[in-house]
Amino acid sequence: MNINVADLLNGNYILLLFVVLALGLCLGKLRLGSVQLGNSIGVLVVSLLLGQQHFSINTDALNLGFMLFIFCVGVEAGPNFFSIFFRDGKNYLMLALVMVGSALLIALGLGKLFGWDIGLTAGMLAGSMTSTPVLVGAGDTLRHSGIASTQLSSALDNLSLGYALTYLIGLVSLIVGARYLPKLQHQDLQTSAQQIARERGLDTDANRKVYLPVIRAYRVGPELVAWTDGKNLRELGIYRQTGCYIERIRRNGILANPDGDAVLQMGDEIALVGYPDAHARLDPSLRNGKEVFDRDLLDMRIVTEEIVVKNHNAVGRRLAQLKLTDHGCFLNRVIRSQIEMPIDDNVVLNKGDVLQVSGDARRVKTIADRIGFISIHSQVTDLLAFCAFFIIGLMIGMITFQFSNFSFGIGNAAGLLFAGIMLGFLRANHPTFGYIPQGALNMVKEFGLMVFMAGVGLSAGSGISNGLGAVGGQMLIAGLVVSLVPVVICFLFGAYVLRMNRALLFGAMMGARTCAPAMEIISDTARSNIPALGYAGTYAIANVLLTLAGTLIVIIWPGLG
């Protein structure tokens, strides 16, 4: 039996799509030196090559892919978007605007200089910024621009061609820039990180290990009684001195949870809860009595929960003001926009921040009720909310504004992005509404992006050979300029206008470019995770601005003549 693979793929769009995805994902795992190609560029390259052989898929799959992707981008940005936009993120907002705005203007200028069409120009901007949201926003706006079908087809083909030719240029140049640009300034990042660590009391260890608290029990001996000198637990401040707190006391056979007025007596058996290193550092006076193994005394349910910050008495306050240790709880992690932040008493909490807290189950529940809610540990997605807001986004995208002879439509990209932001924001405020497990969100977002990349590659593949010969050299120059010049402008603006700490500034610059590999290099250079503060500050707003940039470049282009 002979099977014609070409006929088989041409006759089955679904099979072709998944063949492209599988081959592209395999290619994306390859590395060029220390740089991994990545899933998007792998799928795009494979789809372009197959597109040259005249394979194609239904455009409905491409449209659904980009819609799912951009909606999920909005959902991820939602919890922190408004807090960054309206409150303490002025510097981060300005940096993101400078980065995206300067890249947009430079791309427009180069496009006109080289005589490209809007498709090549927008694709070059998306690739140089390594930003799929730009590609998605531009593609959607082109489809709703009302231009002739032949021009539209050419523009869409050139859009994906420009992206494919400049993506690796943008990625590699930014990674190289992240490695060497910090060395060109007068203050190295490690010094900057240490400086802000001293000012704010930050934990600078980028590789900080997180341990769960453990319980050990001791019998109170004469040295501990002498050390307490009749003071109650509140006056002693056991946690401040030892890193452990007393969770239970057994006295005369009676087990009790002590309050701050309790005074230790000879023969008491106490259960101490703390991290392993805190137990190891205990003063001998606390351990001079015999360690005991009392099952009832040690029988506590220590849990680790992720608490989402929501309540007004926590939002806008500093971590130190929560006084978690006074309530017998231990803070393990602070996560903002999926970025782990340094453990810093002076970090101001935003709505939607996630605190990973360990302690007795009862105490953790009390803390969660005070500052927000415990994140749902469920694998069930609220599909009703997902679908409802998706529909709302599509309806918003249908809105068109008419100005004399000029009409402007919001478009599906902007509509779905806004609807996704609202769903993410409401989810951060209402624990039972719109829940989407992070794994499910990542999967839908990544799948939508890969389907979109496969579609644009297959549709543009037939013209890639001609495109390479005509604009290959120009694309190389333009890609480098659009990738690096906005970074330099952003650095000068942040360093000399905003006067930001360099470690925070470089993190914020990488966040404005939404480039995680470059962020890792900045953290390695600083030998600290402090740049993550800046990265998280600009990341959410930059994703939104980049999508809008893709829309704006298409709208502005006709007016430039």
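Placed from the backbone N, Cα and C atoms, the Cβ positions cover glycine too.
Small disclaimer: the values here were computed from a predicted structure and weren't measured.
According to Swiss-Prot, the domain 'RCK C-terminal 1' annotation covers 200-288, on the basis of sequence analysis. Look at Swiss-Prot and you will find 292-373 tagged as domain 'RCK C-terminal 2', backed by sequence analysis. As annotated by Swiss-Prot, transmembrane segment applies to 8-28, 32-52, 66-86, 94-114, 158-178, 383-403, 406-426, 447-467, 475-495, 540-560.
Each of 8-28, 32-52, 94-114, 383-403, 406-426 was scored by its Cβ pairs under 8 Å to the transmembrane segment (540-560), and the highest score goes to 94-114. Mean predicted confidence for the domain 'RCK C-terminal 1' (200-288): the pLDDT average there is 76. DSSP assignment over the domain 'RCK C-terminal 2' (292-373) gives 22 helix, 32 strand, 28 coil.
For the transmembrane segment (8-28), the residues of the chain that approach it from at least six positions outside its boundaries are 36-47, 50, 55, 57-58, 61, 450-451, 453-454, 457-458, judged by C-beta separation under 8 angstroms.
The stretch in 94-114, 158-178, 383-403, 406-426, 475-495 that contributes the largest number of Cβ pairs under 8 Å to the transmembrane segment (32-52) is 158-178. Looking at which of 158-178, 383-403, 406-426, 475-495 has the most CB pairs under 8 Å to the transmembrane segment (94-114), the answer is the stretch 475-495.
With a cut-off of 8 Å between Cβ atoms, the residues of this chain six or more beyond the transmembrane segment (475-495) that come close are 91, 94-95, 98-100, 102-103, 106-107, 110, 114, 124-125, 127-129, 162, 165-166, 169-170, 173-174, 177, 181, 185, 502, 505-506, 508-509, 512-513.
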